[in-house]
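Comments concern the structure below.
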Amino acid sequence: MYFTKVHGLGNDFILVNAGTGQGFTDDCSTLAKEVCDRKFGIGADGLVLLYDSGVADVRMKIVNSDGSEAEMCGNAIRCVAKYLYDHGIIKKDEIKVETLAGIIVPQIIQQEGSVKAVRVDMGEPRVERAEIPMIGPPGQVIGEELAVNGKVYLVTAVSMGNPHCIIFVPDLEDISLTQVGPQIEVHPAFPKKTNVEFVQVLGPNEVRMVVWERGAGPTMACGTGACAVAVAGVLNGFTERMVTVHLPGGSLMIEWAENGRIYMTGPATEVFSGEYTVYNPSRR
């Protein structure tokens, strides 16, 4: 199996161009667990598979390191756009990518023939409780109390095609992400589980965040999470519609435009390529 290792701000993926998918494994969950293992596999936060699409330029499938499938990933889609453009597979400034969250359109920002950054139209956020989804009465979830193991957090829920639970705090240093993150991820209020973001507001156009990703745990960056944080900042009156989001792996520029759509701009990096031997023949 030929692969390319890529990352967006340290959120890393194993990218495989599966084409028609003919002859490729149906057991992507087991494959992802194997190749994403950082001690016995290649090591990554997730496996990204590219297939031919009948409705877009390409179809992207994302499988987390725990084998669960994700609807969408902002860092992964920037990496996909860079890979397709730099390798001459799709030489267009705008690439239509089919995902479980709908068709997403990354825009190439190039310099001297290669991709410098990628601006992605992430679509419109969903803020109604049922769209997250989150258990409870109809309406938006903005600064709502959520009890977690005897402690109460004020949460804001946003969907970017995948669920996000955002919590604003005075200081990120006071948060034990590895303890609280997994507790909220599987909280019964979220029937499909949730990504969890803790956010410190630095100013009306600047925030810091850390993320516990559903199915992956703590990661260096989360593109959809940064978009959800930008929306939550506006809904709570903490930030303006253009905000720089600082993550452990670097920064993303997020704009919630007046047309209601979210635009994310950030880098993508190709690390290396190789061939991986999948030892179980049923997974080849």
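Yeah, the Cβs are placed from backbone N, Cα and C, and that goes for glycine too.
Quick look at what Swiss-Prot annotates:
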BINDING   N11, N64, G74, N75, N162, N195, E213, R214, G223, T224  substrate binding site
ACT_SITE  C73  active site, proton donor
ACT_SITE  C222  active site, proton acceptor
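Location within the structure of each feature annotated in Swiss-Prot.
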| residue | record | DSSP (3 states) |
| --- | --- | --- |
| N11 | substrate binding site | strand |
| C73 | active site, proton donor | coil |
| N162 | substrate binding site | coil |
| E213 | substrate binding site | strand |
| C222 | active site, proton acceptor | coil |
Checklist entry - How many other Cβ atoms sit within 10 Å of the Cβ of G223 (substrate binding site)? => result 28
Checklist entry - Taking the Cβ of C222 (active site, proton acceptor) as the centre, how many other Cβ atoms fall within a 10 Å radius? => result 35
Checklist entry - If one measures from the C-alpha of G223 (substrate binding site) to the C-alpha of C73 (active site, proton donor), what distance in angstrom results, rounded to a whole number? => result 6
Item to check | Distance from C73 (active site, proton donor) back to N162 (substrate binding site), taken between C-alpha atoms, in Å | outcome: 9
Checklist entry - What is the biggest Cα to Cα gap, in Å, among N11, N64, G74, N75, N162, N195, E213, R214, G223, T224, the residues listed as binding substrate? => result 17
Checklist outcome for this item: Looking only at the recorded positions N11, E213, C222, C73 (active site, proton donor) has its closest CA neighbour at C222
Checklist outcome for this item: If you measure between the CA atoms of G74 (substrate binding site) and C222 (active site, proton acceptor) and round to the nearest Å, you get 7
Next on the checklist: Quick check for the class: what is the C-alpha distance, in angstrom and rounded, between N11 (substrate binding site) and C222 (active site, proton acceptor)?
Outcome noted: 7
Checklist outcome for this item: Note on substrate: the CB centroid of N11, N64, G74, N75, N162, N195, E213, R214, G223, T224 has further same-chain residues inside 8 Å, namely A70, M72, C73, A76, V211, A216, T219, C222, G225
Item to check | Length of the line joining the Cα atoms of E213 (substrate binding site) and C222 (active site, proton acceptor), in Å | outcome: 8
Checklist entry - Counting every protein chain present, what is the number of Cβ atoms, excluding its own, within 10 Å of the Cβ of C73 (active site, proton donor)? => result 31
